[in-house]
Amino acid sequence: MMGGEAPELSAQERAGKAFPVSWDQFHRDCRALTWRLNEVGPFHAVIAITRGGLVPAAIVARELGVRVIDTVCIASYDHNKQGELQVLKGISEAAMKLGGGTGKGLLIVDDLVDTGKTGKLVREMLPDAHFATVYAKPKGRPLVDTYITEVSQDTWIFFPWDTALSYHPPLRDGAA
């Protein structure tokens, strides 16, 4: 830090509120999402936005009986700092053909829509696809067709694949 500049805060530090999600809760939420999607389908393929969309896409595809799964790899976070969007891997030609080039009959799945930047980019690639997320924040929610839980914009979701169980000493031993 030079010349009295404030340190750059991570997205997590700016968010302030924590929303930890266990594996059990995440699986229940994905199944609830599937119940809603079952009324919308059928779908020819599931497109997972990686990496966060991989786990929910696997659960949703299994529950809906969809065998074709593809990914679109977009990097926007470096650990916990959001940066410029970078398409690392586009949607396969085979999946694009299944969706008629516009995404019709395709299901895009992600864990969360936050600011909507990633969602907007994928929507441009597949404008007629159905976009589903497990969680949604207000800024990104308008881009999503189906979601399960809305959280405030200032909430940081701790997904089970990003966390680990750890020992905490009892309060009487000075734990906060």
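Here the Cβ of each residue, glycine as well, is placed from N, Cα and C on the backbone.
Computed from a predicted structure; not experimentally measured.
Annotation for D111 (Mg(2+) binding site): spatial neighbours G52, G53, V55, P56, T133, V134, Y135, I157, F159, criterion Cβ-Cβ under 8 Å with sequence separation of six or more. The annotation 5-phospho-alpha-D-ribose 1-diphosphate binding site is assigned in Swiss-Prot to R51, G52, D110, D111, L112, V113, D114, T115, G116, K117, T118 on the grounds of sequence analysis.
Per Swiss-Prot, the feature Mg(2+) binding site maps to D111. Secondary structure at D111 (Mg(2+) binding site), taken from DSSP and collapsed to helix, strand or coil, is strand.
If you look up Swiss-Prot, you'll see D114, T115, G116, K117, T118, W156, I157 marked as GMP binding site. For T115 (GMP binding site), the count of additional Cβ atoms within 10 Å of its Cβ stands at 16 [all protein chains shown].
Here Swiss-Prot flags D114, I157 as guanine binding site. Under the DSSP three-state reduction, I157 (GMP binding site) is assigned to strand.
Per Swiss-Prot, the feature xanthine binding site maps to D114, I157; the stated evidence is sequence analysis. Within 10 Å of the C-beta atom of D114 (5-phospho-alpha-D-ribose 1-diphosphate binding site) sit 28 other C-beta atoms, taking all shown protein chains into account.
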Extent of the 5-phospho-alpha-D-ribose 1-diphosphate binding site in Å [max Cα distance among R51, G52, D110, D111, L112, V113, D114, T115, G116, K117, T118]: 17
Binding-site residues compared (G116, K117, W156, I157) - highest count of Cβ atoms within 10 Å: I157
